[in-house]
Amino acid sequence: MSATAVTADGLEEIEVDVVAVWKEGYVYENRGDTSVEQKITMTKGMKNLNSETKTLTATHTVGRTLKVGDPFEIGSVEVSYSFSHQESQVSMTQTEVYSSQVIEHTVTIPPTSKFTRWKLNADVGGTDIEYMYLIDEVTPISVTQTIPQVIRSRAKILVGRQIHLGTTAVRIKHAERQEYMTVIERKKWPAATLGKSNLFKFVLFEDSSGTRIKTLNTMYPGYEWAYSSDQGGVYFDESSDNPKQRWALSKALPLRHGDVVTFMNKYFTNSGLCYDDGPATNVYCLDKREDKWILEVVNP
């Protein structure tokens, strides 16, 4: 199950079920007749924090929301659990998750006693979050311990807003050049070329023959469907069954804000949408080329 809330910057917040488990974080048996002090060092938060941004990459699926390789951020994590006949709840904010805080302190263990530190770990899309919470337990060595039990574990994650085919307006940005696909007039046709403006909008459609790219900024009404000419220039024509208007997308549905994709033409099957420094425009469909493009959701 998941719940969704739209946020700014092309992202949406989705609540998903995640895996959480109690583990032995530290165990010490003091079989002597005097107390013993032990120094414990632990890291609270993300175990392997190796990014300057909050963007993570999923290494396994999370329901129907995250697939392997998908980018996401962790907004918060919440776990309810039972221990010693009581139910409790603990949560971590985004700041706490990403802080990766190292904590060191000393505990005193009485004689003939066993010290156990239970740590609550959560896994969100392959990212391990350590010491969400801890429980220190001191028992006689011979006593069988009661392991805390997770009741429910949920996380709020931030992912790119879903691109709904046929309705969601997007910008199409060249991944390497960081310029947007725009529409200008060439040879009395609407034509695609790269530019700095992010005001040009497109809608992706899909039919049985492939993906279609519709511009919302044509200067000739009805001439709005991207196709490859025989010479490789990309223009916008009236709607038809022409396979030159169909494209094969490199990424499976659903598409999301921030997805990086390629567009291969369905007629010129070895040719892909790409940058090329032409005489008047620079968006082409050329043989053995498949440049990467970033899809950005246009805020309503």
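Using N, Cα and C of the backbone, Cβ positions are placed for all residues, glycine too.
Owing to the predicted nature of the structure, the values given are computational and were not obtained by experimental measurement.
Features of the protein shown, as given by Swiss-Prot:
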type	residues	note
BINDING	LYS187, SER229, TYR235, TYR284	N-(acyl)-sphingosylphosphocholine binding site
DISULFID	CYS274-CYS285	disulfide bond
REGION	36-109	region 'Beta-hairpin domain'
REGION	159-299	region 'C-terminal receptor-binding domain'
SITE	TRP22	site 'Crucial for binding sphingomyelin and inducing hemolysis'
SITE	TRP247	site 'Crucial for binding sphingomyelin and inducing hemolysis'
SITE	TRP293	site 'Crucial for binding sphingomyelin and inducing hemolysis'
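On the structure: features taken from Swiss-Prot.
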{"residue": "TRP22", "record": "site 'Crucial for binding sphingomyelin and inducing hemolysis'", "Cβ neighbours (10 Å)": "20"}
{"residue": "LYS187", "record": "N-(acyl)-sphingosylphosphocholine binding site", "Cβ neighbours (10 Å)": "10"}
{"residue": "SER229", "record": "N-(acyl)-sphingosylphosphocholine binding site", "Cβ neighbours (10 Å)": "16"}
{"residue": "TYR235", "record": "N-(acyl)-sphingosylphosphocholine binding site", "Cβ neighbours (10 Å)": "20"}
{"residue": "TRP247", "record": "site 'Crucial for binding sphingomyelin and inducing hemolysis'", "Cβ neighbours (10 Å)": "27"}
{"residue": "CYS274", "record": "disulfide bond", "Cβ neighbours (10 Å)": "22"}
{"residue": "TYR284", "record": "N-(acyl)-sphingosylphosphocholine binding site", "Cβ neighbours (10 Å)": "23"}
{"residue": "CYS285", "record": "disulfide bond", "Cβ neighbours (10 Å)": "27"}
{"residue": "TRP293", "record": "site 'Crucial for binding sphingomyelin and inducing hemolysis'", "Cβ neighbours (10 Å)": "26"}
Env. residues of N-(acyl)-sphingosylphosphocholine site, Cβ within 8 Å of mean position of LYS187, SER229, TYR235, TYR284 Cβ: ARG186, TRP189, ALA191, SER228, GLN231, GLY232, GLY233, VAL234, THR281
CYS274 (disulfide bond) versus TRP247 (site 'Crucial for binding sphingomyelin and inducing hemolysis') - Cα distance in angstrom: 13
Top Cα neighbour of TRP22 (site 'Crucial for binding sphingomyelin and inducing hemolysis') in the set of binding-site residues LYS187, SER229, TYR235, TYR284: TYR284
Confidence summary for the region 'C-terminal receptor-binding domain' (159-299), mean pLDDT rounded: 96
Cα-nearest neighbour of CYS274 (disulfide bond) within the listed binding-site residues, LYS187, SER229, TYR235, TYR284: TYR284
For LYS187 (N-(acyl)-sphingosylphosphocholine binding site), the three-state class that DSSP assigns: coil
Distance from CYS285 (disulfide bond) back to SER229 (N-(acyl)-sphingosylphosphocholine binding site), taken between C-alpha atoms, in Å: 8
Secondary structure tally of the region 'Beta-hairpin domain' (36-109) (DSSP, helix then strand then coil): 6 helix, 45 strand, 23 coil
Inter-residue Cα distance where the pair is TYR235 (N-(acyl)-sphingosylphosphocholine binding site) and CYS285 (disulfide bond), in Å: 10
Rounded inter-Cα distance in Å - TYR284 (N-(acyl)-sphingosylphosphocholine binding site), TRP293 (site 'Crucial for binding sphingomyelin and inducing hemolysis'): 13
Residues in the region 'C-terminal receptor-binding domain' (159-299) grouped by DSSP into helix, strand and remaining coil: 3 helix, 70 strand, 68 coil
